[in-house]
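*Asks:* I have a structure I would like to understand better, so I am pasting it below and will then ask my questions one at a time.
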Amino acid sequence: MKNKKIIYFLCTGNSCRSQMAEGWAKKYLGDDWEVYSAGIEAHGLNPNAVKVMKEVGIDISNQTSDVIDPEILNKADLVVTLCGHAADHCPVTPPNVKRVHWGFDDPAKAEGTEEEKLAVFRRVRDEIGARIKKFAETGE
């Protein structure tokens, strides 16, 4: 079995964006990468994130909301921050760990009816999915 590279998705609360990213990455990168996600804090898995990912056939309901694990952070090959807060507050990583920032809106901040909120979750879900698919195809 070949050694997989480690990708670590970070956002503020590990409830929406990084959870969706973990789900997409397991689909697109699972053969070559070990996929993890975490937050500066752990806010619990957002039920709307679970719902909209299920719509595209990806079950994230068993993923857990975790705070950043220094051990994973320090041995990751790639750390991806998904919000400005995580980019600003992410612990220092060793020089061998590549860090990139892919910014996405926070769907948990969406206002309006339940349907309007879900529309924002779907948009962010699709944006994250497209970004990870591009990374899977191009390596960047």
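Indices start at 1 and increase along the chain as displayed.
Heads up, the Cβ atoms here are built off N, Cα and C, so glycines get one too.
Feature annotation from Swiss-Prot assigns disulfide bond to Cys11-Cys83, Cys83-Cys90. Per Swiss-Prot, active site, nucleophile is recorded for Cys11, Cys83, Cys90, and the stated evidence type is sequence analysis.
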*Asks:* In sequence order, which same-chain residues at least six apart have a C-beta under 8 angstroms from Cys11 (disulfide bond)?
*Replies:* Arg17, Ser18, Ser37, Gly39, Ile40, Thr81, Leu82, Cys83, His85, Ala86, Asp106
*Asks:* Find, for the listed disulfide-bonded residues Cys83, Cys90, the residue with the lowest Cβ contact count at a 10 Å cut-off, counting only other Cβ atoms.
*Replies:* Cys90
*Asks:* With DSSP assignments reduced to helix, strand and coil, which class does Cys11 (disulfide bond) get?
*Replies:* strand
